[in-house]
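Everything below concerns the one structure shown next.
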Amino acid sequence: MLHTTVTQLIGQTPVMSIDVPGRNATLVLKIEKNNPGGSMKDRMARSMVIAALQDGRLPPGGTIVESSSGNTGTGLALAALEFGLRFIAVVDHHAAPDKIRMMRALGAEIRYVEGDFREDEVAVVERQRLAAQLGAQLPGALFMNQSDNPANPEGYTGLVDELVAQLPDGIDAFVGCVGTGGSMTGISQRLKRNNPAVRTIAVEPAGSIVFGKPGHPYYQSGTGTPAGDEVGKVLDYGCIDEGVQVTDTQAFETARYIARRKGLLVGGSTGGAIYKALEFIGAGKLTGTVVTTVADGGEKYLGTIFDEEWMAKRRLLDPAIAAQLDGWLFGKARAA
């Protein structure tokens with residue numbers, strides 16, 4: 001098929017299996033980093049823009065404003081190009097530099113929030129405030145507000161339909177990251193509609209407040225809800241069977257491990273989801289076909305989580321994680 005716009009390339013991403021010997025389980029990765037903007041957020045960005053244009057909230061030639069750590073912003077930049085819109089991304093120091101460079105390359109205007117923030121502090125509240133202000137003040141502008149936008153979870157309908165077609169023997173469990181809650185809600189609701197017995201496990205960073213734990217700073221980007229922010233209205237707790245936390249070290253060391261053992265560069269949040277999926281499989285809590293998404297690629301984090309000096313300076317290295325992963329995947333520890 002010959003495509004004529006870049007957003008037509010969104011979806012139909014491949015799947016890759018990782019066998020877990022002796023556990024009656026296979027971990028399946030949905031390679032969402034293969035979307036044109038490099039992440040699964042392309043799906044919901046397109047969904048939100050189309051919905052806003054159709055219901056008149058966003059006029060032709062208008063301006064999209066959104067608070068983003070980068071992936072949603074990249075997806076919105078692509079959609080803005082296709083539909084002839086202006087896009088302003090409101091970011092903070094926590095966003096990966098390469099994500100900001102990518103948004104700029106696609107024509108997005110970047111606005112930084114001002115403030116004295118710790119390096120591991122996510123300034124979501126300040127980003128949301130500035131984005132809402134710009135959306136209200138600029139003529140023809142709309143603050144997309146992905147955390148409360150129903151078109152966010154609706155954007156993942158196609159992902160589940162693809163999985164059902166790709167895995168005809170069925171899906172037994174889904175392990176996904178939770179940030180705004182859009183992908184976790186959209187995927188989990190549709191999976192359970194197809195099969196109510198599917199187990200759904202939501203993973204947030206240690207320090208995130210989605211499941212009521214005390215909040216503190218964390219380095220994982222584009223996932224979780226930091227202290228001081230409110231959990232998004234799109235998150236449907238009713239479709240989630242269990243919420244768990246993963247540390248920065250567990251998430252980042254797993255991403256590095258997958259790169260070196262499987263040749264697949266995944267982002268830090270994906271590393272966290274893979275770690276928890278394997279932990280649950282190793283403990284016998286999940287069996288059968290267990291799916292998670294490669295939400296974005298590690299190519300955006302080569303200067304951070306894949307950089308030895310960056311990791312060491314922040315005391316995030318722990319070779320015991322690789323040994324633990326070897327134990328789950330090979331039944332024994334190997335040299336990291």
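Including glycine, each Cβ sits where the backbone N, Cα and C put it.
Annotation comment: Swiss-Prot describes N71, G179, T180, G181, G182, S183, S269 as pyridoxal 5'-phosphate binding site. In sequence order, M44, Q146, S147, N149, N152, P153, G155, Y156, G232, V234, L235 are the residues near G182 (pyridoxal 5'-phosphate binding site), counting only same-chain partners six or more apart with C-beta under 8 A.
Residues annotated as N6-(pyridoxal phosphate)lysine in Swiss-Prot, with similarity to another entry given as evidence: K41. Residues within less than 8 Å, Cβ to Cβ, of K41 (N6-(pyridoxal phosphate)lysine) and separated from it by at least 6 positions along the same chain comprise N71, T72, T74, G75, S183, A295, D296.
Taken over all pairs of the listed pyridoxal 5'-phosphate-binding residues (N71, G179, T180, G181, G182, S183, S269), the Cα spread reaches a maximum of 15 Å, rounded to the nearest whole number.
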